[in-house]
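Look at TrEMBL and you will find A:1-20 tagged as region 'Disordered'. Residues or ranges marked as Fe cation binding site in TrEMBL: A:108, A:113. The annotation Zn(2+) binding site is assigned in TrEMBL to A:117, A:120, A:157, A:160.
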DNA sequence: GTATTTGCAAAGGGTTTGCAGTTCC
DNA sequence: GGAACTGCAAACCCTTTGCAAATAC
């Protein structure tokens, strides 16, 4: 799982949340690992966090290239892998064959689930402690200790259901 | 027009359920659609249903080739697509980059979820009406009408947790 | 007969990698 | 200065497709 800040030892001051500034966190990670803080990494991370949501890699590449056309796909993939490694981004795959990345500090726990509209592709996040608790309990009953969950509900969003009703195909 | 009366030349399905004969169903589907009941289709379907569980395509190809080495991957893919189309198999993707197929009549509703062991790869199915009901309700609250679900819980199975405890890596 | 299937091999999409040159510390 | 990083292109994995030959009905 992701490296959450250790709340046990040091109580965080409200105005100094590490996960509030992902770029700073990335910088710290790089430094600590002896990696380099390159122009491309900076740009990719910056744009990624600016975009927010669930970003497909190709969309990120496009955006980055608006700013610096010579950035390669390889570098974007490598950088996103890095962000995932240090817990700042989470890779998602919604069955479209492509990987999307989601900022990890988006929600507190990243235990949220996704609703995906099969008509317009909209992605909505939701979270339910009850569901996760039930799942954990059921998993335990089968001898499993849950480390990671993936819950995706596919269907039609309100808008698309409305559109279908008005204008039946 | 039953397919091979002795589908169980290998009588080893301990959890055999009262299920209709999928091969017969396939035959009916083919006939109805004016498609042909080829030797390869027969073999692929037969072996697939004999294997049971969640079969990766390459494993299926390997098994089929033990029996007829000249069957092509393309044919296996095409056949599995056909089985999916007529509702006898369900494609699954557990984030390993490869597609697995699961017999569709395995459970009544195919609304079951999966527990996947991150250590040994074991896959266990479970089902919970409460969870699906909760999910449906929550989705509704966000305006969604759920059509299809995908729930995968990754973790360590009992056996692997035991092994890890004995011999910590 | 003839429409459907097959095997092969090549194409395809998304992602990764090897390598020579560039950049950062 | 030297390790780390980049861009490029080729490689990669899994899956699909085009096509001529083979097959089922």
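One-based numbering along the chain as shown.
Glycine too: its Cβ is placed from the backbone N, Cα and C atoms.
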(request) Report, in sequence order, every one of the binding-site residues (A:117, A:157, A:160) having a CB within less than 8 angstroms of a CB belonging to chain B; if no such residue exists, report 'none'. (result) A:117, A:157
(message) Please list, in sequence order, the residues in the chain of residue A:120 (Zn(2+) binding site) that are at least six apart in sequence and whose C-beta is under 8 Å away from its C-beta.
(response) A:157, A:159, A:160
(request) Around the Cβ of residue A:117 (Zn(2+) binding site), how many other Cβ atoms lie within 10 Å? Please give the count over every shown protein chain. (result) 21
(request) Have a look at the binding-site residues (A:157, A:160) and report the one with the fewest Cβ neighbours inside 10 Å. (result) A:160
(request) Please classify the secondary structure at residue A:113 (Fe cation binding site) using three-state DSSP. (result) strand
